[in-house]
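Written out below as structure tokens is the structure these notes cover.
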Amino acid sequence: MKVHNFNAGPSVLPNEVLYKASKALIDFDGTGMSILEIGHRTEPFIAVMEEARSLAKELMQLEDDYEILYLQGGATTQFMQVPMNLLDSGDTAAYIDTGVWSNKAIKEAKLFGYVDVIASSKETNYNHIPRQFTVPQQAKYLHITTNNTIYGTQWQSTPETDVPLIADMSSDILSRQMDFNKYALIYAGAQKNMGAAGTTMVAVRKSILGKITRKIPSILDYRLHIENASMLNTPPVFAVYISMLTLRWLKGQGGLAAIEKLNNKKAALLYDEIDHNPLFRGNVVKEDRSKMNVTFTIDKPELEEEFLKFCKKEDIVGIKGHRLSGGFRASLYNALPIESVEVMVEAMKFFSLKKA
Ligand code: PMP
């Protein structure tokens, strides 16, 4: 192990993936060329893309009507690509505001139609997931952010609604079992649980497309990407390759059932320490706590810097909180070994005793 990497994204990747990718940088599968040197329309790369697409579909157990795309522009591009493809200018879309990322999605959607923000946890600094809301019948879709990377909240169940449900799952994709078929469209930047920065996975139920009158630029039209098997233009070959390796690794670990078990264990370990250690305090309400991004503060703010320095000495990196929520944030993505969480918990115990 190198260091205990709690970065929020880009973040820790499985060693096995890094090792294979480093080999493929020199010679990809005995082709005598680097993965960066082969054409994207050659057989070896088409096989990579197809495996990445089919593994994502298999891991999420998506029905036949779904297509998987690997696009560019980050999840941030999806903030506008979703409404551009699904919302005509006179239409309304419902959004639930659970923090910074939902807000960015809301801002972009407003460029394309009416946005009804049907619930928000802003008044309590996004410390919970809103439970009271009604989705207007005329809404073309409901958009949620399943995990709030900055504030550390997470939807524990899928909201029931009659309109197509769309989710930004950038920071908890493939971390737990859920009925992914309840979502008409899912998007996620790859750089947390799905690989490296540079590609964004989109899973879309085909039947929701083609229902608007707006003309869509080709590169932003999901239907064209589907027709072209996610190769409308040159895809980000290396990022897709890393994603494919990461999904292979995940399947090898036992898929979502196994990773969920492990993720539950890791989160329980850390939250248990936060709840029992008199020096630390969790930021969000217990029932909405994220198992991916654990946010907490220290009761004596004057010790914050010292704790960060202490962690650094222990090879614990990436736990400084986002400037908007302060304190600390430990991201426990799929590839983070439980041993890293154990080291973190020990560091908290030791530091607290030293300061008692
Ligand atoms: N949504 C969520 C939930 C995120 O955590 C992030 C990035 N951390 C984004 C969207 C933006 O992703 P990108 O930087 O890939 O555009």
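Every residue gets a Cβ built from N, Cα and C, even glycine.
Taken from TrEMBL as is:
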DOMAIN    4-342  domain 'Aminotransferase class V'
BINDING   Arg41  L-glutamate binding site
COILED    45-72  coiled coil
BINDING   Ala75, Thr76, Trp101, Thr149, Asp168, Gln191, Asn233, Thr234  pyridoxal 5'-phosphate binding site
MOD_RES   Lys192  N6-(pyridoxal phosphate)lysine
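Below 8 angstroms of C-beta separation, residues 35, 38-39, 78, 81, 174, 180-181, 186, 190, 194, 198-207, 222, 225-226, 229-231, 235-237, 239-241, 243-244, 247-248, 250-251, 255-256 of the same chain, each at least six residues beyond the ends of the coiled coil (45-72), sit close to that stretch. The pyridoxal 5'-phosphate-binding residues named in the record, Ala75, Thr76, Trp101, Thr149, Asp168, Gln191, Asn233, Thr234, extend over a maximum Cα to Cα distance of 30 Å. For the coiled coil (45-72), the model's pLDDT averages out at 98.
Neighbour list (Arg41 (L-glutamate binding site), Cβ cut-off 8 Å, at least 6 residues apart, same chain): Met231.
By the rule that a residue counts when its Cβ sits under 6 Å from some atom of ligand 1, the recorded positions Arg41, Trp101, Asp168, Lys192, Asn233, Thr234 yield Trp101, Asp168. Cβ packing within 10 Å was compared across the binding-site residues Thr149, Gln191, Thr234, and the lowest neighbour count falls to Thr234. Around the Cβ of Trp101 (pyridoxal 5'-phosphate binding site), the number of neighbouring Cβ atoms within 10 Å comes to 21. Secondary structure at Trp101 (pyridoxal 5'-phosphate binding site), taken from DSSP and collapsed to helix, strand or coil, is helix. Recorded residues Ala75 (pyridoxal 5'-phosphate binding site) and Lys192 (N6-(pyridoxal phosphate)lysine) have their alpha carbons 12 Å apart, per Cα-Cα distance.
DSSP gives Lys192 (N6-(pyridoxal phosphate)lysine) a coil state; it is part of no helix or strand. Rounded to a whole number, the C-alpha distance linking Thr76 (pyridoxal 5'-phosphate binding site) with the residue listed as 'N6-(pyridoxal phosphate)lysine' is 15 angstrom. A 10 Å cutoff on Cβ-Cβ distances gives Ala75 (pyridoxal 5'-phosphate binding site) a total of 24 other Cβ atoms nearby, all chains included.
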